[in-house]
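Straight from TrEMBL, the features:
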TRANSMEM  A:47-65  transmembrane segment
REGION    A:181-246  region 'Disordered'
COMPBIAS  A:198-225  compositional bias 'Gly residues'
TRANSMEM  A:259-278  transmembrane segment
TRANSMEM  A:308-325  transmembrane segment
TRANSMEM  A:331-352  transmembrane segment
TRANSMEM  A:359-380  transmembrane segment
TRANSMEM  A:409-431  transmembrane segment
TRANSMEM  A:462-483  transmembrane segment
TRANSMEM  A:489-509  transmembrane segment
TRANSMEM  A:521-539  transmembrane segment
TRANSMEM  A:574-597  transmembrane segment
TRANSMEM  A:603-626  transmembrane segment
Amino acid sequence: MSGGRLRRIVASARRLARQCRDVVARTSRIARWEVSRSAGTVDRKTVLALVVMALAIGTAGVSVSDSGLGLEREMYVAGVDEESRYYDVAVESEQFRAVPLDDIEADGGGDSTAETATIRGDANVDVVVTRDGRVGHVGDNGAAAYDAFRSAVEDYNAELMDDEADQAAAYPVLVSLEYQERDPDGSTDSGADDGNDAGSGDGTGGSTDGDGSATGGGGSSGTGDGDGRMQVPNVGDGGTSTSAGTPGSIAPPFPFESLVLAFLFVVPMNFVIQAYGSTIMDERVKRRGELLLVSPASRYEIVGGKTLPYLLGLVGIVAAITYAIEGGPIAVAATLPIALVFLAATFAGAMLARSFKELTFVTVTISVVLTTYTFIPAIFTDVNPIALISPLTLVVMDLQDESVRLGEYLFSTAPFYLSAVVLFLLGIGVYREEDMFAQKPIPTKVIDAIASRIHSRWSVPLLSVLFIPFVFAGQLLAVALLFAVPETVAVPVIIIIAAAIEEVAKSIHVYAGFARSRFDATLKTGVVLGVLSGAGFFVGEKITHIVQFVGLPELTVGAAAFGPAPSVSSEPVLYLAVLLAPLVLHVLTAVCSAIGASSGRNGYAIGFLVATLVHAGYNLGVLALVA
Amino acid sequence: MSRDRGRERESIQRGPNPPVRPDGGTESRSTWGARWAVARRELASLRSEKTIILALSIQLFIAAFSSFLVVGLVSLYDPGSVDGYQTEIAVTGDDTDTLLRVANGQDGVTAERYADRERAYDAFDDGSVSAVLDADRNPDGQLSVRAIVPEEGLRTTLLVVQIRNTLENVERVERQRNADDGRLERSPVPVPESIQASPYVGFTYTILLPLLCFLPVFISGSIVVDSLIEERQRGTLELLRVAPLSLAEIVDAKLVATAALAPLQAIAWFLLLAVNGTAIAAPVALVVLVAALSLLVVTVGVAVALWAPDRRQAQLLYSMATVGALVVATVLPEHPANTVAKFALGNPTAATWGLLAAYCLVAMGAFLALRRGIGGLEPDAL
């Protein structure tokens with residue numbers, strides 16, 4: 001009996017293996033076609049043109065790297081006489097163009113040593129150096145020009161000083177910068193001791209510094225701690241120090257170089273998605289994709305095969321860049337989800353676009369949004385752990401030789417992996433004849449794509465969870481875009497937008513299910529689906545909170561931004577209320593919009609509006625309660 | 001949904017009706033009418049797909065985000081731009097007079113002398129001062145300063161910038177003293193007093209404004225490449241040729257329609273900037289510049305679209321060509337972005353005006369050459 005079962009298991013395993021092999025074979029065949037066809041369309045004259053352009057850019061680029069882009073060249077005008085000591089400053093500085101005072105003065109010269117040199121009305125000048133050596137400014141942009149002139153003087157002085165023989169006199173100040181953790185314990189219990197020891201501190205410090213730094217952490221030996229730090233700067237508690245240099249050479253912690261290098265990883269993606277978008281769109285022109293659709297390969301295999309060469313190409317490029325700039329495997333592992341999201345978003349965009357023009361703008365939008373979304377947080381790598389919302393931060397950390405923990409990797413890449421999967425699945429949902437070759441309006445196609453993912457009632461909460469990464473991304477973008485608007489306008493707008501985004505994520509698939517007749521349009525179904533959707537969203541939200549607390553315990557900002565911490569109260573009833581209030585809210589609003597959705601498009605609009613208002617009201621209430 | 005479909009059908013009906021030549025009409029007037037129809041069809045397709053809205057929002061997004069970035073970075077590096085930020089610094093060591101005088105003369109910094117090193121470090125540890133400057137004179141007569149700052153992220157960045165400014169001022173004072181003592185061959189030029197000035201002027205005129213001038217140009221070119229390639233690949237260019245127009249005239253109409261979009265967008269951006277308080281000294285010259293560049297780039301786009309075999313290569317060639325042109329333009333006496341900045345600031349030189357004229361001439365030349373080239377093209381070969 002057990003032998004029979006074993007045989008059955010072996011047989012089914014074999015069947016599974018064969019199916020897997022078939023899938024791999026079909027996918028890789030499509031991938032090979034994709035490569036050979038793309039390579040085939042590149043003709044010789046295009047290659048020649050590209051080579052010529054690359055050469056021209058290369059030669060020009062080399063000359064640029066010497067002289068700079070010259071964007072600021074002579075943007076301001078300085079009125080200064082040749083005799084003035086500031087004349088050389090204006091000539092040497094790239095930003096300034098020097099004109100003689102005679103050209104700009106109203107009465108054409110004489111002794112304009114007066115407080116206000118009279119400037120001719122039509123003279124173009126921003127900064128004026130009077131004959132007695134005072135610097136003034138004219139016009140709207142005069143103040144900014146004056147500021148630039150000041151920096152130009154400093155640069156000029158630095159050059160002057162570099163030529164001096166006596167460098168010690170030219171650079172009379174040396175600075176070494178040390179970053180040190182504060183140690184309040186060590187000082188509170190040692191106030192008196194320090195005073196007593198101060199006299200001998202210099203002499204004995206050298207011998208006690210070892211003990212000092214070893215015991216200082218516990219705060220038991222205040223004097224040792226103090227002495228140790230004073231004599232030996234580098235043995236401080238994990239403090240880092242720079243070697244001594246001039247004041248101009250010290251710089252705040254800012255990973256500039258690593259950031260520029262990290263940007264290199266994103267650049268090739270923008271080019272690859274153009275080609276990838278074209279190849280997907282090509283399938284939809286003149287019904288070319290029909291040939292593949294009628295083949296034995298499934299939609300997943302077709303899309304997988306067409307995507308694989310581009311994904312592998314991107315990974316290859318990223319690996320090559322990593323090798324060239326001496327990054328570690330973490331850099332490749334962190335860039336992979338970014339590449340996947342780029343491709344997935346382009347795929348979904350190419351399935352929805354109606355024309356090449358639209359596709360271009362969709363891909364440009366994807367490029368711009370994703371590049372900023374990944375790049376901007378990475379700037380704050382050293383400043384704030386919230387920077388980890390972008391995988392590019394991991395690249396910057398890797399390039400700075402910081403170690404990346406598994407929790408951090410998961411925290412910053414999981415939303416990207418998830419988004420890529422969702423976007424691919426939605427795109428594959430419309431990878432079928434009736435959507436690919438028809439000129440349907442885009443909203444219809446979106447509804448089609450979502451509806452194709454709904455198989456039963458249990459798909460509803462699952463989709464609610466899967467939409468959560470998009471909700472977070474959308475809310476973050478809204479905050480970033482509205483930062484310039486005055487606060488009195490921005491705060492209510494953000495509250496409403498945040499509520500609306502969450503309500504869309506909880507209701508759009510319910511509406512799609514009703515609109516494509518996946519569910520019976522009854523009140524009861526609406527209530528059930530609403531409860532499922534709201535509960536699913538709540539569970540997803542809580543999962544992200546748990547991930548945050550486990551993966552990034554130091555990230556208090558995240559807790560403040562994404563909801564109140566559940567441990568605010570010791571009272572069990574209140575604790576439960578704080579925990580469950582969001583659940584009630586999500587279910588309630590989801591039911592609102594689900595009931596609306598069951599009665600058609602207008603009903604959905606009304607239900608959605610009510611849900612958004614209720615949600616925004618709740619958020620306002622919470623804000624008022626906390627404040 | 002049904003409303004959308006209805007609107008689409010309506011726009012199709014308004015589309016390229018091959019106009020029958022009116023009996024009384026002269027030859028030239030009817031081709032002008034047909035050209036106008038082609039141009040209108042081109043613009044209508046942009047409108048019905050809402051592509052133009054997407055294009056505008058992309059530009060707004062880029063402008064908003066680059067400003068966001070710059071404002072963020074400037075306030076990170078320029079503590080003066082953050083109001084009411086006050087730093088307390090402990091100064092200790094053997095030679096603190098200059099340091100104290102300079103630091104207390106600076107906005108936002110209060111320095112206090114601690115005769116005793118230990119006390120200074122204690123004050124640092126319990127947080128009553130933000131940083132410790134430990135200054136000693138070394139045998140060369142240099143002031144050797146050890147700066148201790150806490151590891152606290154954002155605040156440290158501000159602090160380090162403040163300390164750097166303070167120490168640079170100290171360096172200036174000490175250097176002047178050395179110069180007075182005759183230790184330096186050439187005395188440094190006195191640095192003018194600092195004043196309150198907007199730190200964003202440079203960015204606005206040299207980066208943001210050129211970006212807003214060139215993005216519409218780039219987008220127009222991209223639109224024309226897509227539009228022509230699509231007509232070729234879908235085979236609708238053949239249908240268009242039923243119209244009483246030659247191929248050159250059809251291309252003309254498309255070209256002019258898309259090229260005109262860029263200066264219009266530029267005008268919109270200028271107005272937006274003016275409302276936000278950024279004055280533009282020579283808007284007319286700038287609009288002419290954008291129009292000339294737009295004509296040039298769109299002409300190149302048309303040539304690429306007619307020449308390249310499919311969309312992938314056309315877009316690759318086009319984007320390489322435009323990005324490359326921006327790099328290669330550095331060999332010009334003035335980079336186009338620099339030209340934009342000079343016109344906007346009101347400081348154009350003879351070279352600036354000369355380049356503007358040159359761009360206009362080159363654009364017209366390219367346009368005429370393209371017309372001539374299309375005239376010799378066999379339409380069925382496309």
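Each residue, glycine too, has its Cβ placed from N, Cα and C.
For the transmembrane segment (A:359-380), the list of distant contacts is 259, 262-263, 266, 269-270, 273-274, 277-278, 281, 338, 341-342, 345-346, 349-350, 352-353, 386-393, 395-396, 473, 476-477, 480: same-chain residues at least six beyond its ends, Cβ to Cβ under 8 Å. With pairs at least 6 apart in sequence, the transmembrane segment (A:603-626) and the transmembrane segment (A:521-539) have fewer than 3 Cβ pairs within the 8 Å limit; the two do not touch. Residues 450-451, 453-454, 459-460, 463-464, 467-468, 470-471, 474-475, 478-479, 482-483, 533-534, 537, 586, 589-590, 593-594, 597, 604, 607-608, 611-612, 615-616, 619-620, 623 of the same chain, all 6+ positions outside the transmembrane segment (A:489-509), place their C-beta atoms under 8 angstroms from a C-beta of that stretch. Residues 27-28, 31, 34-35, 38, 261, 264-265, 268-269, 272, 275-276, 331-332, 335-336, 339-340, 342-343, 399 of the same chain sit 6 or more residues outside the transmembrane segment (A:308-325) yet have a Cβ under 8 Å from a Cβ within it. Residues 265-266, 269-270, 272-273, 276-277, 280-281, 284, 303, 307, 310-311, 314-315, 318-319, 322, 359, 362-363, 365-367, 370, 374, 391-392, 394-395, 398-399, 404, 409, 412-413, 416-417, 419-424, 426-427, 430-431, 435-436, 442, 445-446, 449 of the same chain sit 6 or more residues outside the transmembrane segment (A:331-352) yet have a Cβ under 8 Å from a Cβ within it.
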